[in-house]
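Here is what Swiss-Prot says about this protein:
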- A:CYS46, A:HIS68, A:GLU69, A:CYS162: Zn(2+) 1 binding site (BINDING)
- A:SER48, A:THR166, A:187-192, A:210-215, A:THR250, A:GLY274, A:297-299: NADP(+) binding site (BINDING)
- A:CYS99, A:CYS102, A:CYS105, A:CYS113: Zn(2+) 2 binding site (BINDING)
Amino acid sequence: MGKVLQKEAFGLAAKDNSGVLSPFSFTRRETGEKDVRFKVLFCGICHSDLHMVKNEWGMSTYPLVPGHEIVGVVTEVGAKVTKFKTGEKVGVGCLVSSCGSCDSCTEGMENYCPKSIQTYGFPYYDNTITYGGYSDHMVCEEGFVIRIPDNLPLDAAAPLLCAGITVYSPMKYHGLDKPGMHIGVVGLGGLGHVGVKFAKAMGTKVTVISTSEKKRDEAINRLGADAFLVSRDPKQIKDAMGTMDGIIDTVSATHSLLPLLGLLKHKGKLVMVGAPEKPLELPVMPLIFERKMVMGSMIGGIKETQEMIDMAGKHNITADIELISADYVNTAMERLEKADVRYRFVIDVANTLKPNPNL
Amino acid sequence: MGSVEAGEKKALGWAARDPSGVLSPYSYTLRSTGADDVYIKVICCGICHTDIHQIKNDLGMSNYPMVPGHEVVGEVLEVGSDVSKFTVGDVVGVGVVVGCCGSCKPCSSELEQYCNKRIWSYNDVYTDGKPTQGGFADTMIVNQKFVVKIPEGMAVEQAAPLLCAGVTVYSPLSHFGLMASGLKGGILGLGGVGHMGVKIAKAMGHHVTVISSSDKKKEEAIEHLGADDYVVSSDPAEMQRLADSLDYIIDTVPVFHPLDPYLACLKLDGKLILMGVINTPLQFVTPLVILGRKVISGSFIGSIKETEEVLAFCKEKGLTSTIETVKIDELNIAFERLRKNDVRYRFVVDVAGSNLVEEAATTTN
């Protein structure tokens, strides 16, 4: 076969760790026989995007085109693609490839494959760096493309591909999805708010735990939580001691685990999905004398991502979003850093992203 | 079978009377043998690190006088009218717990050690309002639910440590589904529980790595206990060699230590099981549990059912421990040596072979 052809693409990239994104032209690979190419309609902005554009995790390579909550419409499929055809609504989340043969991959947990390739900022097999969804189109291996149910609005569905699967995966994996269970959701942000929706759809009783009383009305009346606790109120915590089967902790700031462990039943599970930068204090007694567990979970595999989005379609679960134009992205990043968003920014890519004016 | 209930009985033991940790002869009374009770002549009793903590009030919950000892092996002298599992002459064991509520979820799941109303073998209050006293004594009376039969042919001094240290290691391996052959286990800390951990994990067919703060115990771990590997935790290159390789780590260290180096040793879905009871919180960074879906949990002794299982398991595997037998009047010396880690690996008090005396007449309570 001859030289690999490239398709011109354009998007928004960070050029350095200042965090500023600007118009950027690049190329994507030609559609391989197992590839799906799609026009990007919308892309969510995730906290990870913020960390990556600023190189806060020390692994960023520039230019960096972020975005891993990507939805759009198929424009081309490779000769061996069987699951998708032109015109269908699809999405891509945090991963675009993995080894396909390790235990994690064969179990459908590609997220834990040591050779998984992330949607942006990662070396791909052809020696390019992956570019994310703040761009006009994507090309992705069929196995990492998710079909979006027809009834879901694409802009509000986009964040489910990262935020949604991140809370859904541990609920399913750890058996915290049974009707009648009592689930706590700590933090009411991009992750927490969809966590409440999925937990309710699974038939569990849901209690939101937050540092701020101001979020009570939002949690119960808008999001459908059954109860609300202020984590700094000892009486509220005491009244709920030992009542929860599991807690999904979405908080990425340093916080005390002791009250949360107290809320759990014997053998209860505290699942960390937020990643505070500083070490957390871990009380020993609740783990030893009550066999409680502290564990982590990271995004989810492709199979369960499809299950999650299908469940969202069935129950009309979407993220609460603020739709923005592409040229608003830097302002949005600043607001995200200040937690000034309810709950997820989504870029209206197709309608507002313009080619690089410098060409 | 019937048995006439007798009145209260006299017991002779050795008790701590204050946080100095010194034990001395002590006389006290046991309750009458109730319908569900087993009256036991103590043959021997293992010494556990917890005994030290309790007699010295390290956890701030000690009441005196206290007769410690919760690895008790003895012979049945008398059984209550409703006792069906045991008969006079049986060789039996008593571990850490002698009572529970019987109706909560842990109790209903045969996990009595997690009952909020569990009663400790010593340093606790029984349902009759009297203090519980342990196995460094000539006799005990225990509700039949908390008595286990010692397998025939098992040496009594070998059985004793299984009632606390042995079941403490066995319980989490059983609970967390870690009994399959071929797993890679880490044992952090090589004291009484750690040494038992190596033996039990090896008997399960695991590849066992001992992780210790110094290399002083390397020969012991590998040559005598049968560990497959040994790593010094302060050596970064050695710890790096273990990265992402262990299915579980049993952490027996009872002092503060950051968890991150050990979390990094676990593979995907690996489990770090804490056993060292300390009041100081430990520390970890969240990405380490998120990226590998790792679990930090704890485990506390084991249930009666698990105690029976570990006894049967060790009998079947012919598992034995290095035990140093002492007489009861050497108890204070043994505690001092244990504090200095001068024992390999468990002291067991030969109670029945000791000369138990009444407390000195001049002592006042």
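Every residue gets a Cβ built from N, Cα and C, even glycine.
Features recorded in Swiss-Prot, as mapped to the structure shown.
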{"residue": "A:SER48", "record": "NADP(+) binding site", "DSSP class": "helix"}
{"residue": "A:HIS68", "record": "Zn(2+) 1 binding site", "DSSP class": "coil"}
{"residue": "A:CYS99", "record": "Zn(2+) 2 binding site", "DSSP class": "coil"}
{"residue": "A:CYS105", "record": "Zn(2+) 2 binding site", "DSSP class": "helix"}
{"residue": "A:CYS162", "record": "Zn(2+) 1 binding site", "DSSP class": "coil"}
{"residue": "A:LEU191", "record": "NADP(+) binding site", "DSSP class": "helix"}
{"residue": "A:THR211", "record": "NADP(+) binding site", "DSSP class": "coil"}
{"residue": "A:GLY274", "record": "NADP(+) binding site", "DSSP class": "coil"}
{"residue": "A:ILE299", "record": "NADP(+) binding site", "DSSP class": "coil"}
Cα separation, A:ILE299 (NADP(+) binding site) to A:CYS162 (Zn(2+) 1 binding site) (Å, whole number): 6
Euclidean distance between Cα atoms of A:ILE299 (NADP(+) binding site) and A:CYS113 (Zn(2+) 2 binding site), Å: 12
Binding-site residues (A:HIS68, A:GLY274, A:ILE299) in Cβ proximity to chain B, threshold under 8 Å: A:GLY274
Under 8 Å by Cβ from A:THR211 (NADP(+) binding site), counting only residues of that chain that are 6 or more apart: A:VAL230, A:SER231, A:ARG232, A:HIS255
DSSP three-state assignment for A:CYS113 (Zn(2+) 2 binding site): coil
Among A:HIS68, A:LYS214, the most crowded of the binding-site residues [Cβ within 10 Å]: A:HIS68
Rounded Cα-Cα span from A:ILE299 (NADP(+) binding site) to A:HIS68 (Zn(2+) 1 binding site), Å: 11
Closest of A:GLU69, A:CYS99, A:CYS105 to A:LEU191 (NADP(+) binding site), Cα positions, binding-site residues only: A:GLU69
A:GLU69 (Zn(2+) 1 binding site) versus A:ILE299 (NADP(+) binding site) - Cα distance in angstrom: 12
Additional residues surrounding Zn(2+) 1, by Cβ distance to the A:CYS46, A:HIS68, A:GLU69, A:CYS162 centre under 8 Å: A:GLY44, A:ILE45, A:SER48, A:ASP49, A:GLY67, A:ILE70, A:GLY93, A:CYS94, A:THR119, A:ALA158, A:PRO159, A:LEU161, A:ALA163
Inter-residue Cα distance where the pair is A:GLY274 (NADP(+) binding site) and A:CYS46 (Zn(2+) 1 binding site), in Å: 12
Those residues of the chain, 6+ apart, with a Cβ under 8 Å from that of A:LEU188 (NADP(+) binding site): A:VAL196, A:VAL208, A:SER210, A:LYS215, A:GLU218, A:ALA219, A:LEU223, A:TYR343
A:SER48 (NADP(+) binding site), number of other Cβ atoms within 10 Å: 20
Neighbour tally for A:CYS162 (Zn(2+) 1 binding site), based on other Cβ positions within 10 Å of its Cβ: 27
Residues near A:CYS99 (Zn(2+) 2 binding site) in space but at least six apart in sequence (CB under 8 A): A:CYS105, A:CYS113, A:PRO114, A:LYS115, A:SER116
Cβ contacts of A:GLY274 (NADP(+) binding site) (under 8 Å, same chain, 6 or more positions away): A:GLY187, A:LEU191, A:ASP249, A:THR250, A:VAL251, A:SER252, A:ALA253
